[in-house]
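**Student:** I'd like to ask you about the structure that follows.
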Amino acid sequence: MPPEDGDPVRQRGQRVNVEVSGTPLLGGMPALDSSRMETMAEGWESGPVLGEGAVTPRGAPHQAGQHEEALMTELSELVQKVVKSSSWWERHGVDISILACSFLLLPAGFLCLRSAQAIPFLVGVLTLGVVHHTLTVKGSHLASHNALTESKSWGKVWAVFFIELCSAFTAEQGTYNHVKMHHGYTNVIGLGDSSTWKVPFLNRYVYMFIAPLAVPIITPLVALDLLRNVEWKIALRTLCCIFLGLYCHYWLLLHVSGFQSPWSALLCMLLTRSLLAHPYIHVNIFQHIGLPMFAADRKPKRIHLMSLGVLNLPRNALLDWSFGHSIISCHVEHHLFPSLSDNMCLKIKPVVSQYLKQKKLPYNEDTYASRLQLFLRRYEELMVHAPPITELVGIQ
């Protein structure tokens with residue numbers, strides 16, 4: 001998206017110096033629709049045009065592909081050195097401890113809700129809300145990528161626990177849609193382009209500020225619909241886990257927190273489960289939508305696909321704890337190396353950012369406030385209309 005005059009996006013983070021589509025990189029290419037601007041990293045150097053109608057030396061596309069694979073291999077080796085030199089505590093222990101602390105805070109949260117005074121009651125709501133999102137967002141995300149343990153068997157157990165029991169979703173479909181599709185085809189139209197987050201019939205203010213409150217209700221309903229695509233044994237297990245998770249939350253509010261009315265308990269469930277739903281929705285659209293989109297048959301190699309179509313937000317203590325570094329400030333690193341834990345993504349961040357910038361590759365960063373302003377201003381273009389397909393120009 002090209003910064004407009006006076007646009008606050010212009011001054012923040014890595015900004016656009018070269019366009020993928022819009023103004024052509026090389027002379028003699030026809031001008032494309034200027035609304036197709038995509039965010040790029042500063043100083044990205046162009047190579048020969050490899051798009052339709054371009055005249056290239058024989059074997060040039062193959063050489064370009066080999067060069068991109070070599071870049072990814074070199075970066076992987078640098079990251080692997082960091083991983084091998086890291087202890088188990090750094091690879092898994094830090095994130096497991098955060099999840100364990102969240103579990104330990106549950107009794108305090110439910111007991112605070114027994115108070116008739118406003119401040120302890122609000123502390124209980126805030127505690128349960130943060131714990132819920134830590135378990136459901138951070139826990140489910142790490143479990144879906146098997147980043148909590150090096151054992152695949154235990155990885156499946158944690159995926160069922162965090163995704164189905166805690167999050168009221170289906171582990172198989174959730175993992176497939178996120179890991180296989182979104183990560184495998186990041187920003188590829190019709191496959192991993194984040195289109196599932198778009199609700200075109202809602203206006204910008206309803207979508208950005210009111211609709212997120214319905215996430216706790218919509219999530220299990222979507223899960224029930226997705227169960228049509230799994231075996232009956234898996235569907236039965238998912239139904240039992242979802243019911244058990246929701247009922248335990250409800251039972252604890254009645255018998256530990258002392259709610260007298262079923263409706264008041266259900267309202268408290270909705271309140272705590274939607275406490276951080278707004279940043280959850282926002283982050284999921286901020287970090288991909290509005291960046292370059294590709295056709296399935298014209299997508300670049302992995303290192304360009306991930307560096308072009310992913311954006312990092314600044315560190316935030318609350319969101320780092322509840323969502324994890326790989327979703328907030330290390331999203332580029334996470335998409336390049338999805339099996340690493342949140343703490344390891346944070347540790348390799350200097351290596352990845354320095355390497356991409358050194359090789360003149362995009363490394364997109366922006367602030368939460370800047371992206372929010374951008375989406376409110378260009379909501380129709382980004383969230384209602386079909387995104388334009390990026391023309392691959394100058395990638396070698």
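For all residues, glycine too, the Cβ spot is worked out from N, Cα and C.
In case it helps, TrEMBL gives these features for our protein:
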- 96-113: transmembrane segment (TRANSMEM)
- 118-135: transmembrane segment (TRANSMEM)
- 121-365: domain 'Fatty acid desaturase' (DOMAIN)
- 205-227: transmembrane segment (TRANSMEM)
- 234-256: transmembrane segment (TRANSMEM)
**Student:** In terms of Cβ proximity under 8 Å, which residues at least six beyond the ends of the transmembrane segment (96-113) contact it?
**Tutor:** 120-121, 123-125, 127-128, 130-131, 134-135, 138-139, 148, 252-253, 256-259, 268, 321
**Student:** Give me the mean pLDDT over the domain 'Fatty acid desaturase' (121-365), rounded to a whole number.
**Tutor:** 96
